[in-house]
Amino acid sequence: TEETDEVRSLTLNYRVALFSLTLLYYCAILFFNVSLIIIIALDENLHEPMYILLCSFCVNGLYGTTGFYPKFLLDLLSPSPEIVYEGCLFQAFIMYSFASCDLSILAVMAYDRYLAICRPLHYHSQMSKRRLSQLVCFSWLTPLCILSINVFLTSRLKLCSSNMQKIFCVNWVIVKLACSEADTFSNNIAAYISIVIYVSHGFFIIWTYMHIVKTAVRSENVRVKFMQTCVPHLISLITFLVTILFDLMYMRFGSRDLPQNLQNFISIEFLLIPPLMNPLIYGFKLSKIRQKILYLVHVGKQVT
């Protein structure tokens with residue numbers, strides 16, 4: 001499968017500059033996410049449900065960006081970037097499962113905050129280690145299984161075009177490349193089922209925050225807790241939804257008359273902003289992690 005011509009048409013100087021900036025940005029994503037994961041893993045005081053879910057969130061950020069950035073960097077260095085059909089399907093699977101896992105993890109984090117704020121006396125009994133393990137498995141395995149079915153159905157289609165109109169592979173775009181006589185009915189059904197499942201995740205998050213806000217209004221202590229732990233989650237959630245909806249709406253209904261650079265930016269917003277922003281927000285906002293980071297910086301200064 002040949003990829004879109006925009007990467008191929010870049011001048012050499014522009015490619016080198018873009019390659020350098022992209023590599024630097026990807027290294028920053030790796031550094032901040034891996035740092036947060038290591039801090040949480042090594043500090044037993046942070047082995048609490050909220051921080052373990054945050055660790056899972058960062059792992060998913062690494063998973064999704066690794067599905068895009070290394071291939072994109074290679075394409076920038078290649079005079080004729082291409083990807084085999086199987087590789088394209090695999091990348092599409094990673095992109096979709098990354099976004100779906102993000103929403104699933106955000107839904108589980110919302111449930112955790114609901115229990116901590118609205119039902120504090122039952123929190124430790126309802127958010128036990130076993131329940132936490134089940135929720136983490138749910139947030140990962142459910143999207144992976146659903147998206148495996150979607151991509152498998154797509155792999156059965158015969159394509160009549162190989163020109164991707166995005167800088168990475170997306171299941172919906174691959175389906176649109178199928179020959180006119182191809183039966184895409186099962187693909188559409190699977191896509192609609194996926195949409196229903198993840199829209200229900202959204203409604204569940206709204207339900208939890210309705211109760212959280214109602215509880216926070218009645219208590220000053222709860223409001224402080226809300227500001228400390230729920231605000232980072234809300235920022236991550238809103239950023240994720242805005243970037244994903246921009247991409248989905250543009251992919252389905254957008255005009256091809258927009259400048260190519262703007263089209264590319266819209267396409268990769270969810271791979272640019274959330275993976276870097278999330279560890280920074282949680283690192284600075286959550287007091288336990290912030291104190292641990294400041295302690296490590298202080299120790300590092302003393303050593304040097």
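Here the Cβ of each residue, glycine as well, is placed from N, Cα and C on the backbone.
These come from TrEMBL:
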TRANSMEM  23-42  transmembrane segment
DOMAIN    32-282  domain 'G-protein coupled receptors family 1 profile'
TRANSMEM  49-69  transmembrane segment
TRANSMEM  89-111  transmembrane segment
TRANSMEM  132-153  transmembrane segment
TRANSMEM  189-210  transmembrane segment
TRANSMEM  231-253  transmembrane segment
TRANSMEM  265-284  transmembrane segment
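Taking every listed stretch (23-42, 89-111, 132-153, 189-210, 231-253) in turn, the largest tally of C-beta pairs under 8 A with the transmembrane segment (265-284) is reached by 231-253. Listed by sequence, the residues of this chain that lie at least six past the ends of the transmembrane segment (49-69) yet keep a Cβ under 8 A from its Cβ atoms are 22, 26, 29-30, 33-34, 36-37, 40-41, 91, 94-95, 98-99, 101-102, 105-106, 108-109, 112-113, 116, 127, 132, 135-136, 139-140, 168, 229, 236, 268, 271, 274-275, 278-279, 282, 286, 288-289.
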